């Protein structure tokens, strides 16, 4: 009883305990399958869910089966709310399961509407949506996440090259701050607030130079406490000497001590010579008595070495000197004859090609040398000979009448005494003038019409001779062969070959067959098939030998010999390309009889040395006895003879020989051999070989010789011209069909030519007899799903027209034997209807000029759909109904009829920042005042958009041209500029006499080296492994393990043992576990390969006040226009990497596998479309279970070195436009070279200009102080004369000279203002002042946005100011006092002026007053001397 209670308690405990499951509990079943091959268990996570597999094994009479199930658990529960679709390059990675339970990774995007904006003031990217959506930011800043209303990402790098994705939108842009942000990021991570960090970093150079000066000063103070400080004596000695020299000559002496005047201090104890005195009187006496040795410079130098003031000065100078040669931290950029063997079949073609090549080269040289002389001789001979011949021929038609001095036609002429009935009428058309006013003079031109007729007739006759020449030659010897129904010995190839061979190189198989068709020997259908002979003699001979009927073989052989008309003509000699094969066989393969009867004359001369000089042979009785006793030797020699004969005479001759042997009448072939011998009597080796063949054919063994199967295949197999299926029907009344999309009673038409059996197919018939409509046969036809006895092309919707047959084709088939065959049924995707599918794309397409709603399923087909967006079947994510409510079956539409599709779900393509140029300043002001900081466009004032952000440094340049009394005619300037993006130079153009003419700015807007790359594959880390495995209880592993394409196989034997066997398996140390595997990767990195070579493009802009233009130039050719001439003086291009990788919108280069290569480096697992490629040796393990199948654990399948991708070099100097399928890579930071510029200025009549005049000016300026845009001004200037004037403004103007023309009124000027010019400012134009209204827009943009191919403000600033000292100069000392002044206001000015007064007073009292007093004493001394001189006089 106690045992029973215990068992019940254990059972209850087991029932109440929850079942422990792997990975997660529950989940949605998305796929299952029963199969003898099982998958491995897995637990894997993607961006929106987790997946796991479960396998349960069952056994029945047919074997052990695994029931595999795959479950999904959603981690983003409402992920479907974003309406996801599969999109290449999508930001959401989802793992799906196909019908074979293989894991497949796909990229999705949400299709919900998402708005992407850029807040330039706060340097943020803002995303807004109405429902669940997903965003991703990649590039220099990386961020991703889900949101339902609003999200933002802050930018904090100096220059951001990023790709922003949200929903279906993808935006790519380049954003740069006004200052470098590395310092701000470093300080902002500390306790400092953001505003303070920005203020510190704006003046970082000044702060650092101050800190460096203090550090050096502290070190100097420490050194002054030691003797080391005296190493500076050489530095201070020149200063001390100069001070001593000035001390003795420039300073007034104190009346008490004799030293330099010191009004505010007591007299000292030390003299300048170093002596010490107790009282000032003794020192004065020492000075006045001349005992003082003078100023001691070394003593002063030693004091300076110990002085703190000198240490401070040296520290400041050293810090300035050091940092003047150092690039600012903010501006630094961190960079991290063939040897070939031929077969005997190919050697004829190779030899002929070599011979033809050598002959061609010889004749080219020969004809080129004789061309000039030959033309002269030919033309002279033709001119002379043609004239004589035409005169003779003309006399046949025309006579010259001496009575009337005219030419008369002989036709219908009658003589009347010495006159004719045509006297008075000449062949030239002139009548005799009865009055004698016009006197006809006989000329040769009177007979020109007859001469022209004769020339026309001669040309037609010559052309006719050329046409019939080959026809006569070709058909003369073959007159009877075309009529034969079987092969005769007179019609074999060597005997019907042309005797003459001309114009061989211009002959083609088709042209020769056309001549036969013209001669009515064959039909045109036969002639059109001769191109099956191919392009080489080897292929042609093989095609001829494969023919199974005499007519076909004879036809092809005749065409072949007519084209290669010298093929058998070479047999008249002892060499030639057509004899190489059989001669090589004789040389390399020997008859057995010659080994047994080596002394035989035939063997000694023909076989041993290939001379065969004797010419006739008698085969002795020794050969007879040998062959009679040794049948095997006869079979060998006879077989070798046949092979050599086939190599020498392929085609009909060889078939004729084999036919006689097969019919046991080999002796009947002797007459054919005799005729061949007579045709080629000079070919000694051939004669000897044929004589030996005659001898073999005459032996008794030849009648019993059995042909081999290969030889039997060469024989003809005549068959009746018929077809295996279909009904024979006469198509004599058939007609060409009319264009139609539906074919009633469709039948396939198959015809044979009546004589040679050449098939005429690829035709169909529609309608009933006898007037069949004939059409060209389409590739595939389908029976319409909604109409009886109606057939359609390509699909079941009848959307494509049947193409009518050609009229001449219909005429050809009328005399032929034809059969009508019922069409076969096409069981493919176009005959299968569906209700649901996984939709890839949905949109509107044009189908036969009509707009249809089309969807594209993941299996590939297109369907017409009235699908309601968002209607999901619920099976799994991505499955949608094809028809509304899944009520109607739909058949696929062939994509050939679908055009102009506008897909709603497209692959992700990047958008770029738009550029809008405003022609009107009012429109530009509106764009700025509307605070369009969140828009994805940039606005610019068109006349000034080609200027740099920062005013360039101006240089003086002299205008060249022709000087005249008014100025310069055809003025121009020449200069050179570095070909680097962002480079700008201003030019003050002056005349040769120094008169300022105008200002212009040359700006290299962009200088790029670019190339296009194509996407070749994706790679990434392995996140799972697809496996399929099976096991055998006993036996060995299969030699060939079945596996899918691109899967690797694995196996292990002796896996069955006690406690480790499947159901019903009792085995030890035997059995096998085997299977296949494939990696599943997360496609994180895209790999691209260069498609085109690099292109260098330079955009140069020229801007005058009132006129601007840009032009592009490449590195290959100069650019010349009416306004400018550009040419590269030097070019230094840079090669872009051949293969690059893109990960998180960053570009990498290095050791990357190309498509199809799998080295141990980045990219050795490659995903292309839906295929995964890779190599490796799988490593697997298994876990044993008693009476159950083993669990297979695949630890590695492919060799995946994705970690090496993380070690690739990031190409920070390169930017790119990413469109997924292609990328365009730009190098915008390379100095391409030096560019020479010539600007055409036109005529400048500056000597007639006036500098001072009154103008009617209406002006307005719009902009913001200390911002990216600065101020843009538009001047409406009305003037009656042309002049050039100076231009000054309240801020720094980009142009200081303006050319005013009477025919132009609009002028644009850009100003750079650090402060607000207030409501109005004063411009000075032509020495007259004008008040201009300023419209200041309150803007505090922190970032500047563009597409990245043009230079930014920060880059121009770095290029302009490349040292610390330059930055300190630009920042100025005033930045230290700016915060104080802003706090105290006007009181700070009062304090500042007091400090200035104190400093100036100090300088006057201690420096200038002693010097003035000394000057006063010198003047008084001179006055005393003057008075003394007067008294003495």
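Glycine too: its Cβ is placed from the backbone N, Cα and C atoms.
Listed features, source Swiss-Prot:
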- 60: N-linked glycosylation site (CARBOHYD)
- 624: N-linked glycosylation site (CARBOHYD)
- 1169: N-linked glycosylation site (CARBOHYD)
- 1-16: signal peptide (SIGNAL)
- 17-203: topological domain 'Lumenal' (TOPO_DOM)
- 225-308: topological domain 'Cytoplasmic' (TOPO_DOM)
- 330-369: topological domain 'Lumenal' (TOPO_DOM)
- 391-456: topological domain 'Cytoplasmic' (TOPO_DOM)
- 478-1387: topological domain 'Lumenal' (TOPO_DOM)
- 1409-1433: topological domain 'Cytoplasmic' (TOPO_DOM)
- 204-224: transmembrane segment (TRANSMEM)
- 309-329: transmembrane segment (TRANSMEM)
- 370-390: transmembrane segment (TRANSMEM)
- 457-477: transmembrane segment (TRANSMEM)
- 1388-1408: transmembrane segment (TRANSMEM)
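Where Swiss-Prot records a feature, it is marked here on the structure.
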| residue | record | DSSP class |
| --- | --- | --- |
| 60 | N-linked glycosylation site | strand |
| 624 | N-linked glycosylation site | helix |
| 1169 | N-linked glycosylation site | coil |
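Most Cβ neighbours within 10 Å among the glycosylation sites 60, 624, 1169: this distinction goes to 624. Remark: secondary structure over the topological domain 'Cytoplasmic' (225-308) totals 44 helix, 4 strand, 36 coil, with classes taken from DSSP. Over the topological domain 'Lumenal' (478-1387), the average per-residue pLDDT in this prediction is 83. For residue 1169 (N-linked glycosylation site) paired with residue 60 (N-linked glycosylation site), the C-alpha to C-alpha distance reads 40 Å.
Counting in whole angstrom, residue 624 (N-linked glycosylation site) lies 75 from residue 60 (N-linked glycosylation site) by their C-alpha atoms.
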